[in-house]
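Inspection log for the structure reproduced underneath, given as structure tokens.
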Amino acid sequence: MNEIREAAVQTPEQATAVIRAEALAKTYAEGKMRTPVFDGLDLSVATGETVAIVGASGAGKSTLLHLLGGLDIPTSGEVYVAGERMSALSDAQRGKLRNQALGFVYQFHHLLPEFTALENVMMPVLLSGKDVAVAKGQALQLLESVGLGHRVEHKPSELSGGERQRCAVARALVNKPGCVLGDEPTGNLDDKTAGTVFELMLELNRAQRTSLVLVTHDRGLARRLDRVLELNQGKLRELAPSAV
């Protein structure tokens, strides 16, 4: 992908950013109706940094996360992932970059029900072109690190809610991405299990230097991240610790 990388000189902050958004805008259109979500939004996430995005329901938090992950296309502006300008990539190239550079964890685990925990976690490695033995080795290592080494042959229906979400975290991290994007990753769990999964994500962040960008309604969890950004009326602003 080097041939499509920007030729422009980057600032030190830009060069070390795992994800960067510049003048990002998104407007949904239906017939003659236009619904702007945000306009002129800037964001930079450094290697190993943890960022929480908070805001009211309907503020556009999930939309922003989808744009950062290349799952949606901005109306204008640019998103850079691992130094690559997403708008310059084909659909196939974007998919490959997502698989290699990003991990995704959602409120609902989205594990494939017909496959075991091991097979679910192996999937991103296989999609990156590595052979089965390598994929199995990486998946087993991650499942062990999230406390599921004894559950690798169980299907999602045989796992508890917390175990399914831990499996989803392992799947997100198995390719050692630069950044994990989480959309309410603990929102469907009870408080105790949510705390366990959140601690796990922070431990893996420290161990692998993987950046985290988490959309959450839980201000208590948000306060434990490096930065808290509030999306309100299309604007993104950093909150002081006392305001979170």
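Heads up, the Cβ atoms here are built off N, Cα and C, so glycines get one too.
Annotated domain 'ABC transporter' per Swiss-Prot: 19-244, in sequence order.
Using a 10 Å Cβ-Cβ cutoff, GLY60 (ATP binding site) registers 22 neighbours. For GLY55, ALA56, SER57, GLY58, ALA59, GLY60, LYS61, SER62, the entry in Swiss-Prot reads ATP binding site.
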Are there residues of the same chain, six or more positions away from ALA56 (ATP binding site), whose CB falls under 8 angstroms from its CB, and which are they? ASN232
CB-centroid shell, 8 A cutoff, ATP site GLY55, ALA56, SER57, GLY58, ALA59, GLY60, LYS61, SER62, site residues removed: LEU231
Which residues in the same chain, at least 6 apart in sequence, have a Cβ under 8 Å from the Cβ of SER57 (ATP binding site)? none
Have a look around GLY58 (ATP binding site) and count the other CB atoms within 10 A of its CB, chains all included. 9
